[in-house]
2 protein chains.
Amino acid sequence: MELLKQKILREGKVLPGNVLKVDSFLNHQIDPELMQCIGEEFAGRFADLGVTKILTLESSGIAPSIMTGLKLGVPVVFSRKRKSLTLIDHLYSAKVYSYTKNETSEISASKDYITRDDVVLIIDDFLANGQAVQGLLNIVEQAGASLAGVGIVIEKGFQDGGRLIRERGIHMESLAAIASLTDGKVTFKEEQ
Amino acid sequence: MELLKQKILREGKVLPGNVLKVDSFLNHQIDPELMQCIGEEFAGRFADLGVTKILTLESSGIAPSIMTGLKLGVPVVFSRKRKSLTLIDHLYSAKVYSYTKNETSEISASKDYITRDDVVLIIDDFLANGQAVQGLLNIVEQAGASLAGVGIVIEKGFQDGGRLIRERGIHMESLAAIASLTDGKVTFKEEQ
């Protein structure tokens, strides 16, 4: 998605440890118009699949998901992250390991809002090692729901997450796939 | 806002301790079309005030804020909540006490995105004792920014938060103000 890539090149900051910071439009400040374009792009890429629900993870997944949900005419469910669950009744939960934080958190979603009748589109802001998406996939499996696919705003294509998910035969779309962050410079993968 | 009130009456669940659960459309599952209507309503109520930025709190404040930001054509900044901050450089932070959780958390926002040149509209999903909004107001003050007002989706009008904020002369708008949750029944305040 050209608009997104231009925004990353203009405003993204490459930090040590292959970190790409996009706090100016996605992870802290959010650009609503860009989110609307992202929502339209995801809606187009996952059109005609009978999506009934979008599943994402708080907090940065919410804005792109809500715009996609608006365009597809379906509700969004956001999983909550916490270190330990006090209330596990009537929840699906999955453990998610974060390499950057070196900690395991538990993500959860209510059984009321993801059911076996749902066709779920998973959306998240970033994909690196893919731990968060694997957790969301786990929740979809626990619910016995169908999976339409996985939509990622920014994929770190030089890390393993995307490959592992695609190898499972899952329809995954990323709007900007990064090939490298070497020497503080963002290089994108060629679109196929 | 009639549409919102009808939704609360239809889907809200009153739990012991004056808790109103609206997990089906605001706090866990989100209804994007309703959020769009809410965004349009806030944009109308705070029109012509020169708003340059919306400030909210993760996670449930993000969806109504992003729709308001889209309508007003301004970015959204979401404050992060955490128990303790590891990185306090270049951040405004404020302590927020939660009566329901009986714990104090710290909310923060980057100095890059709220500045003395901004005219800030604060938006949040719920207002009860008003602790979260007081924390956001504190951040606006630290930044030396101007305040356009405070927009709340659901105000628990039988608790103190709204009165305390209005007594400071702040323009506050709530889209559904609840007068009482007695006997499991939602009663709204009369609109003025």
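Note that the numbers count up from 1, one per residue, in the order the chain is shown.
Just so it is clear, glycine is given a Cβ too, placed from its N, Cα and C backbone atoms.
Pulled from TrEMBL, these are the features on record:
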BINDING   A:LEU20, A:ASN27, A:LYS156  xanthine binding site
BINDING   A:ALA128, A:ASN129, A:GLY130, A:GLN131, A:ALA132  5-phospho-alpha-D-ribose 1-diphosphate binding site
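All features noted in TrEMBL, drawn onto the structure.
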residue: A:LEU20; record: xanthine binding site; Cβ contacts under 8 Å, 6 or more apart: A:ILE8, A:GLY12, A:LYS13, A:VAL14, A:ILE154, A:LYS156, A:ILE178, A:LEU181, A:VAL186
residue: A:ASN27; record: xanthine binding site; Cβ contacts under 8 Å, 6 or more apart: A:LYS21, A:SER60, A:ASP125
residue: A:ALA128; record: 5-phospho-alpha-D-ribose 1-diphosphate binding site; Cβ contacts under 8 Å, 6 or more apart: A:TYR99, A:LYS156, A:GLN159, A:GLY161
residue: A:ASN129; record: 5-phospho-alpha-D-ribose 1-diphosphate binding site; Cβ contacts under 8 Å, 6 or more apart: A:TYR99, A:GLN159, A:ASP160, A:GLY161
residue: A:GLY130; record: 5-phospho-alpha-D-ribose 1-diphosphate binding site; Cβ contacts under 8 Å, 6 or more apart: A:GLN159, A:ASP160, A:GLY161, A:GLY162, A:LEU164, A:ILE165
residue: A:GLN131; record: 5-phospho-alpha-D-ribose 1-diphosphate binding site; Cβ contacts under 8 Å, 6 or more apart: A:VAL96, A:TYR97, A:SER98, A:TYR99, A:GLY161
residue: A:ALA132; record: 5-phospho-alpha-D-ribose 1-diphosphate binding site; Cβ contacts under 8 Å, 6 or more apart: A:LEU57, A:VAL96, A:ILE107, A:ASP124
If you take the centroid of the Cβ atoms of A:ALA128, A:ASN129, A:GLY130, A:GLN131, A:ALA132, the listed 5-phospho-alpha-D-ribose 1-diphosphate site, which other residues of that chain have their Cβ within 8 Å of it?
A:VAL96, A:TYR99, A:LEU127, A:VAL133, A:GLN134, A:GLN159, A:GLY161
May I have the list of same-chain residues other than A:LEU20, A:ASN27, A:LYS156 whose Cβ is within 8 Å of the Cβ centroid of the recorded xanthine site, in sequence order?
A:GLY12, A:VAL19, A:LYS21, A:VAL22, A:ASP125, A:PHE126, A:ALA128, A:ILE154, A:ILE178
Greatest CA-CA distance (Å) over the residues A:LEU20, A:ASN27, A:LYS156 that the record ties to xanthine?
15
Three states by DSSP: which one describes A:ALA132 (5-phospho-alpha-D-ribose 1-diphosphate binding site)?
helix
If you draw a 10 Å sphere around the Cβ of A:LYS156 (xanthine binding site), how many other Cβ atoms fall inside it, taking every protein chain shown into account?
23
Could you say whether, by DSSP, A:ASN27 (xanthine binding site) belongs to a helix, a strand or a coil region?
coil
